Amino acid sequence: MIQIYNRKTKQYDIEQVAGGRLLNTLYTTGRGRLGLKLLVKRKIYSSLTGFFCDSKISRKTIKGFAEKFSIDTNECESKVEEFKSFNEFFARKLKPSARVFDTSEEKLLSPGDGRLQAWENIDTEKLLQIKGMTYSLSELLQDEKLAREYSGGTYLILRLCPVDYHRFHFFDSGKCMETRKIKGEYYSVNPVALSKIPELFCRNKREYSIFKTDNFGDVLFIEVGATSVGSIIQTYIPGERISKGAEKGFFKFGGSTILLIFKKNMVKIDDDIIMQTKEGFETKVLAGEAIGNCIDKRTK
């Protein structure tokens, strides 16, 4: 059972996990771990899943999936019957009114829908993936020099579930550099998997870019793939001027994760998110939701 903090009600909701029973089998039993090693973590499994989700026949699963997980299809730009495949629905665009991005310069906004955790004054060689398990930023990036620049900074994990809106956005205006792609496995990013697989983020397929923001400095914007995520699609144009709230890209079917890493003294995350993280809970947020503030440039 996964409890998620709800900022509106100030209560804890129980997360509905798509394929929860299968996840537990794969990551907590000997038979499951064998299947994980031989097939599920590999690209071929994600490719086959992606092939089905791109097919016309997969559209028949959309209505049932949306109903089971209480997805508000009224937020979609397109009607449910207009989607030609499950992946089209999974990577759906929303009406502009469904996710509103505050244009205030000082506000840090969530880049996507998901479950958020945040840490301040980080040791880049001991980043948490879950309580009791750490990994190295230099290994994640495969760049020791770049990783050192973020020592003492702020680190955010935004975990997306299959039921979430899977497009992600720029949380500030600025320019985003070229994306670097790193090959890897396709482990789940569910807490069950994170608690069983050491250095999972460093093992999975991932992409990162340096987002040169107007108000938060140079931020590492990292996308981590997961089980069934055959593709991380970047839709932005590197080096071009970006407006706050503009789309950066999207994930195809599966769970996935976004990591944001800020340099020291650039951002202050909201107290409730920091407190919940310390208590071991994730906080549910939506794309465009305020999650912190930039630190006044005059104090730097």
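Using N, Cα and C of the backbone, Cβ positions are placed for all residues, glycine too.
The active site, schiff-base intermediate with substrate feature in Swiss-Prot is assigned to S256; the stated evidence is sequence analysis. Per Swiss-Prot, the feature pyruvic acid (Ser) maps to S256; the stated evidence is sequence analysis.
Cβ neighbour count for S256 (active site, schiff-base intermediate with substrate) (all protein chains, 10 Å cutoff from its Cβ): 30. Taken residue by residue with DSSP, S256 (active site, schiff-base intermediate with substrate) is part of a strand.
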